[in-house]
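Here is the structure we will look at, set down as structure tokens.
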Amino acid sequence: MSKLSKLPKARDIMKMYGIRAQENLSQNFIFDKNVTDKIVSKAGIKQNDSLVVEVGPGPGILTRSIIDTGVKNVVAVEKDKRFMSSLSLLSKESDDVLKVLEGDILTTDHKQFLQYLKEADQEAIHLIGNLPFNIATPLLMQWLSMASKKSGIFSKPNITMTLMFQMEVADRIVAAKSTPSRCRLSVMVQSVCEAKRVYQVPSKVFIPKPDINAAVVSLKPLTEPMLQSPIESLEQVSRYFFNQKRKTVRATFKKLHDEMHSLHKPLLLEIQENLNWNALMRPQDISTEQFCQLAKMFHEKGVVC
Ligand SMILES: C[S@@+](CC[C@H](N)C(=O)[O-])C[C@H]1O[C@@H](n2cnc3c(N)ncnc32)[C@H](O)[C@@H]1O
């Protein structure tokens with residue numbers, strides 16, 4: 001039995017410190033360790049893996065499941081200072097495997113994670129979290145951008161993200177082309193990562209219970225990059241196409257042509273000819289590779305949407 005099991009239960013922590021869930025921090029807690037153990041098993045964390053970064057540990061049940069794997073370092077970033085006392089107790093009990101940072105994950109300097117890795121470390125790194133739903137998509141976009149530029153923690157190889165999203169967002173992240181949930185987010189994610197939905201979590205496991213179910217998604221940066229332009233070009237191109245979701249590719253190119261500066265019009269026609277796409281496709285039928293190809297051409301020719 002884990003020595004952490006001697007610590008107060010999460011519900012008792014909430015009572016002891018008089019903590020109530022705050023909606024503005026998207027606090028929907030999981031108190032059932034069987035569920036958090038399952039999330040951790042989906043992450044594939046192994047004993048002696050170098051580092052797990054957890055977003056928003058809150059009362060720390062998922063954190064306990066992570067520590068129980070025997071990983072060398074866990075860095076947990078929590079914005080709500082009301083959890084600091086119980087998390088430092090957990091840190092002590094973990095023999096300092098757990099390091100707690102009070103702050104906002106969106107602005108946390110990744111040097112605070114990198115300090116726990118050796119220069120030549122090739123071991124697995126995990127980013128994990130029952131994400132606060134109000135920052136889940138902006139955080140994912142930030143990490144995709146960093147992964148595409150190999151900056152921050154993404155300068156290291158062998159990173160896996162195991163992240164909980166609202167079910168509808170998880171469906172959009174993993175949606176294949178020509179499926180109903182396909183959108184700009186699917187293209188952005190799949191241009192940088194391999195994405196799989198690995199665990200469906202019913203709303204009843206959360207306290208307070210949200211209106212919708214959630215799902216855990218596993219994301220692994222591609223070893224052979226598909227994106228050959230800055231991710232911002234892909235962002236711009238895919239946004240333009242998905243803003244006219246019902247239009248065919250031909251109609252979208254025509255609209256773009258009409259809106260463009262006259263200097264760019266010949267370049268656009270050249271791009272269109274080289275693409276050799278089915279003009280009757282709609283944005284959801286365009287593959288991620290095709291969007292990346294388009295973004296590269298736009299970037300190289302200096303054309304903006
Ligand atoms: C959905 S709860 C999950 C809590 C806990 N991991 C669990 O599974 O029970 C989200 C957690 O993220 C924290 N949080 C919200 N916004 C944050 C931010 N910008 N940076 C870091 N933590 C944040 C909340 O305070 C809360 O503890």
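Just so you know, glycine gets a Cβ as well, placed from its N, Cα and C.
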What does TrEMBL list, out of GLY56, GLY152, as binding the same S-adenosyl-L-methionine as ASN28, ILE30, GLU78, ASP104, ASN130?
-> GLY56
Could you tally the C-beta atoms, other than its own, that fall within 10 angstroms of the C-beta of GLU78 (S-adenosyl-L-methionine binding site)?
-> 23
Local Cβ density at ASN130 (S-adenosyl-L-methionine binding site) - other Cβ atoms counted within 10 Å = 29
Take the Cβ of GLY56 (S-adenosyl-L-methionine binding site) and count every other Cβ within 10 Å, whichever protein chain it belongs to.
-> 22
Can you tell which of the binding-site residues (ASN28, ASP104) has the fewest other C-beta atoms within 10 angstroms of its C-beta?
-> ASP104
Enumerate same-chain residues with a sequence separation of six or more from ILE30 (S-adenosyl-L-methionine binding site) and a Cβ-Cβ distance below 8 A; give 'none' if the list is empty.
-> THR36, ILE61, LEU62, ASN130, VAL205, PHE206, ILE207
Please average pLDDT over the domain 'Ribosomal RNA adenine methylase transferase N-terminal' (35-223) for the predicted structure.
-> 96
